[in-house]
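Colleague: TrEMBL lists 11-403 with the feature domain 'Amino acid transporter transmembrane'. Under the heading transmembrane segment, TrEMBL lists 12-31, 43-68, 89-112, 132-153, 165-183, 203-223, 235-255, 275-298, 328-349, 355-375, 382-405.
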Amino acid sequence: EAAAQEARNSGTSWYAAVFLLVNAALGAGLLNFPQAFDRAGGLAVALSVQAVLLLFVVGSLLVLGGCAERTGGFESYQRTVGLACGGRLGALCSFLVALYCYGSCVAFLVIVGDFSDRVFASWYGTDYCLYWYMRRDVVTVLVAVVLVLPLCFSGTIDFLKYPSALGVFAGLYLVGLVVAEYYTGHHPPAQTRASPESAETVLSVVPVICFGYQCHVSSVPIYGCLAKRSAFPRVVLVGVSLAAGLYTLTGVYGYRTFGRGVAGDVLELYDASRPTVLVAVVAMAAKVVATYPILLFCGRMAVDDLYSGRPGGGAPSARAGGKLRRRLVISSAWFCTTLGLACLVPSIGPVIRTIGSLAALFIFLFPGLCLVWMAGRTWTRLGMAVAWVALGTFVFGQVLTASLLEAVLGTGPAAELQLCRVPRLTRLV
């Protein structure tokens, strides 16, 4: 008992855990929020939808912390779910966590390519991609190998609290830039929406918001690393409040600056030849570098649980040996394949809308199932838990169906900006 207490006292402080939580929440969604506000039908509708979802975001984080404490599944989100809900649901959760984290890692590396396009288009002109060393795939590979790969083999998530602090400050700078540009950027008056086009358009922004605030997969290992786990509610409230403030400011001011012409990546609409914008691009690239290893850590845990036969938290199978070797193999394969896909995918929009539906499961469905297990015979809590699960199932089905229809029918937002414009004759040559 004394050894356990000593290990706990040497864990992560609550304010360092806040950095981890906020860094897990802030990501590609920060760049996409202004367009989400437009699709929702304006500021009033978007802020109302966000406020409702935030109640579930905070509630599910607290449920997961309580469930992890009762089950002892501090290592990962899926292990907590497996211990509370059974091995089969734990295996399903492991698969979905791995799929979500994998898609998110691809999206973050695509953003690196977007940023390189923005910088080179501003500094060298629209024919920059004629030079091989300015091509987005070359830059993406270089940045990923030099800056991201060394952080991908950490055995515990608390090691990432140092790059996480850098990621949070990068998000703060981007928000400051968006707000300052609204007042000093001399942009023409923007036309905004006063109401949504339909109920479907309101629901279509749910995956973006869920993707933005989805820090639940990382929350369980963060909870396990805390020196004082009783401080977890404080971590949740401070972390979610900070993330909500950053997302709201970016969404409101980005949308008011560009209106209905806002792009899926708001940073692409600014001129990167200006030093303030260039710093924002570099800062967000650094934020991507800080976030990718956290997602890889959670995804690697999910794959490892499936391989070793422990998604439900039971006894390790005979294949559970060689943990270090598996960590190296999974991390290397994960990094190489996500990097390869990122060099092929031209836009993050469809990726965000699809994996955002999976984020709804981690916010609604699985925490609701954990709440059912924790409720016991208390009928009031049981009814609330069942309603939580039903809502999560509905949101997931509706959002995933709408996202797939948009991808197939081409009814989603306009295509991303084409920053490289090479004359056709040049391309033929």
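Using N, Cα and C of the backbone, Cβ positions are placed for all residues, glycine too.
Looking at the shown structure, what environment does each listed feature sit in?
Modeller: Residues 104, 107-108, 111, 157-158, 160-161, 163-165, 167-168, 171, 174-175, 208-209, 211-215, 217-219, 222, 225-228, 231-232, 234-236, 238-240, 242-243, 246-247, 250, 264-267, 284, 287-288, 290-291, 294, 348, 352 of the same chain lie 6+ residues outside the transmembrane segment (12-31) yet bring a C-beta within less than 8 angstroms of a C-beta in it.
Beyond its flanks by at least six residues, the transmembrane segment (89-112) meets 27-28, 31, 76-79, 81-83, 139-140, 143-144, 148, 214, 217, 265, 284-285, 288, 291-292, 295-296, 298-299, 301-303, 305-306, 311-313, 334, 338-339, 341-342, 345-348, 351-352, 354-355, 358-359, 361-362, 366, 369 of its own chain at Cβ-Cβ distances under 8 Å.
Residues 12, 17, 20-22, 24-30, 32-33, 36-37, 39-40, 46, 49-50, 53-54, 57, 60-61, 64-65, 68-69, 73-77, 79-80, 97, 100-101, 156-157, 229, 232, 235-236, 239-240, 243-244, 247, 294, 297-298, 301, 352-357, 359-360, 362-363, 367, 395, 398-399, 402-403, 406 of the same chain sit 6 or more residues outside the transmembrane segment (203-223) yet have a Cβ under 8 Å from a Cβ within it.
With a cut-off of 8 Å between Cβ atoms, the residues of this chain six or more beyond the transmembrane segment (235-255) that come close are 14, 17-18, 21-22, 25-26, 29-30, 33-38, 43, 46-47, 50, 54, 57-58, 61-62, 65, 168, 171-172, 174-175, 178-179, 181-182, 190, 192, 212-213, 215, 219, 222, 226, 262, 266.
Within its own chain, the transmembrane segment (355-375) has Cβ neighbours under 8 Å at 53, 56-57, 59-61, 63-64, 66-67, 70, 77, 80-81, 84-85, 89, 93, 96-97, 99-100, 103-104, 107, 206-211, 213-214, 216-217, 381-382, 384-386, 388-389, 391-393, 395-396, 399-400, 403, counting only residues six or more beyond its boundaries.
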Colleague: Is the number of Cβ-Cβ pairs under 8 Å between the transmembrane segment (328-349) and the transmembrane segment (132-153) three or more, considering only pairs separated by 6 or more positions?
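Modeller: Output yes: the transmembrane segment (328-349) sits against the transmembrane segment (132-153).
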